[in-house]
Amino acid sequence: MKSLTSHVIAMFGLGVWCFFCCGFLPLAQAQVTESSYAGASALDRIKAAKQALDYVRTIERTHNCTGGTEETLTLNFDHDRWMSYSDPAIRTANYLSKILAIDGDLSALGDDKFYALVRNNVHGGSLIFGSAIALEPDVIAGRTKFCPYAFRDNGSVRAFDIAINYDYQQDSTEWYHAVRISNLSNISVAVDRITIDDQDKVNGTIYLTQPVAAYPDGHWTYPYYDCGGGDIWMTTYSAPIMAQNSEAKVIFRGVATIDIELTNLDINQCDLDENEDSQALDVFRGTHNCQPTTQCVPLKEGFRSGAYLCQCKEGYYFPNTTASEKAFRGSDIDYFFETQNSIVRSQFGFVATQFQCLRCARGCDSCVDSRPCLYQINIAVQALVIFLVSAMILGCIVVSIITFTYRKELVIKTASPIFLQLMCLGAILMCSSVFVLYGEVTSLACTIRIWPYHLGFGVMYGALLLKTWRISVIFKQGGTMKRVNLPDKALLQRLVPLVALVVVYLGVWSAIHPPLAETVKTSKELKFFVCSMSWWSYAMFGVQALLLLVGVYLCFTVRKAPAHFNESKFITWATYNAIILGSFILMLTQFVGMSVGPDVVFVLHMAQQQVFVTITMALIFAPKFWALYRGSSNAEGRVYSNHVVTITGRVKPSLAPSSSRFSESTAVTTRQVAVQCNPDDFLLIAQEDDNSLKVPSASSSSNYMSKYSAKVSPACSEAESLRETNGTRPTSVSDA
């Protein structure tokens, strides 16, 4: 498609010829030049186009076309879209120019020939409504004016001479005068070779010189209303009829015209889309009065103003929800603006609230009424969850306080109090992640949540597994005797890199691809926001599951450790619980919670904390606190001939080996055996009593004693000392 040409400008006015009852009313001359239009702003163009549309509405409403118009309108009208329709006028003009080149005038053609030419141009199903031939004086001998005109009328073609009642030769007749005063010096002149008699070499061939009109040599008029004739809007293309004078100069001798009916062409007042092909009447684009909450949709209603609808934009709905047509008519909006006072009309972009659509409820991409699209969060449910999580955090704080208070009791000391405190800290961090998701989930909340949750998991389960690993190293089965020194400081040095690795991963995750709030729909098509899942999330869950499986292995290795050190059963339960129930709740959240709503998702987040925090804390700390409550610390590690008190306060068979495993034995007077867990070593102490304890001989006692001491060395000399003293003093089996 060509761009709008700068030399074709349009203007509305009255008909060039209105016959019968209305007469012929010329359109006022337009004073628009190329330079004046080029200097006009887009706002000026739209205002000028709206003035033209005002005139269209006036004609439509009153049908009064007797007064004409004196307005000059700067409208850039692209007639090049109708170039193909101009061919009949150009061919007719060139045909008559040939007759003039041969005969010097058109007297040889009878009137019926002229009427046949214009009628032939009109016949057909194109947009051509009428055609005329208008001649200069004396082109036909004895006639000063002659203008046969044919036009379509109710399925037939009518023809008459408009020169009988109308002087088309006056300067105000644009379709004639504009061509007559045009510069013809650049008109192409063709030389045709015509052979009449092949036998006559001298006179049998003649050369005919004639001017030939092309499309740029013609002229398009501004649209006008054919008042009293077809009562339609039209525009006219005029092609020059030319001849040459005695000096071979091209002179004007008349015009041949075609009229394009605009009634069936749609005035599109909507904005021009970048992907849309331009049309001839694009001059009216952007002249609609749709309000900011609506969008213009053109109607195919012909050459009339207001032929558009103002439909609600996405995210808005029509105020009258029961209306059959949920859009504002452009004609109604245009009439409203037309009837406003001049001050309001002069305000470009004036907003008429009565033609505004209403905004949809929050979260709705589209809607038909005010019904909500977002799931309405149940504040009571979420408040209850927050209360329960707060109680969990408070419980963790209480556990931490109790652990610190009784940190010197054997049942707490053997479990490494500092790591129990770290477990409490990790539990509090994991629980606090639920607070971030309270209310409506946002992208910021999703990014913040991963930090306390995954960092807390690393601290809590990292501390649990490291202290289990120490017991595994100390009391592992078999192997050679060696000195093992694993104080709390050494374990902390292993925990710090683990936590640092989690921090680095979370930092990279948050920087490169942070979790965002995404929209999902419930089974009732209500929207709510959840945190997105990505491979970053799945990778972290995979590493955490692997960490828990390592914990299961460590629990297996310490299953035969002394009672005060052996938490393998409870840690194993906690690990299996975290893997199985944790995975189940995670899947339940993804596949069930997402279809129910944010309240259920929030509750499942809390349930996830119950699995990873509450149950694990209960399994690890409840037996210890029960032992403290039963007062087992007063009889810590009380060893009888074949019984020992465990960390739960329960008396069970002693872990001492049977006599069959010893090559020799000795009676040791003792009262109590206490296992002390110090930062640097573990100590096994025998105290006096009337009861006796069988102690292995030097040859067989080393492996047995390695189960009870953090510092393992040959115990021969100590065993001999026990035999010698035979209950006279306490004996320490240690190399410390």
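Cβ from N, Cα, C; glycine included.
From a predicted model like this one, the values you see are computed outputs, not experimental measurements.
If you look up TrEMBL, you'll see 1-30 marked as signal peptide. Marked as transmembrane segment by TrEMBL: 379-406, 418-438, 450-469, 490-512, 535-558, 570-591, 611-629. Annotated domain 'G-protein coupled receptors family 3 profile' per TrEMBL: 381-628, in sequence order. Look at TrEMBL and you will find 714-736 tagged as region 'Disordered'. The annotation compositional bias 'Polar residues' is assigned in TrEMBL to 724-736.
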Query raised in the report: Counting only pairs 6 or more apart in sequence, are there at least 3 Cβ pairs under 8 Å between the transmembrane segment (611-629) and the transmembrane segment (418-438)?
Result: yes
Query - Interface check, the transmembrane segment (535-558) with the transmembrane segment (418-438), three or more C-beta pairs under 8 A - result: no
Report summary line: For the transmembrane segment (570-591), the distant same-chain contacts (Cβ-Cβ under 8 Å, at least six residues beyond its ends) come to 461, 464, 468, 533, 541, 545, 548-549, 551-552, 554-556, 601, 604-605, 607-608, 611-612, 615-616, 619-620, 623
Requested in this report: Could you pull the average pLDDT for the domain 'G-protein coupled receptors family 3 profile' (381-628)?
Outcome: 88
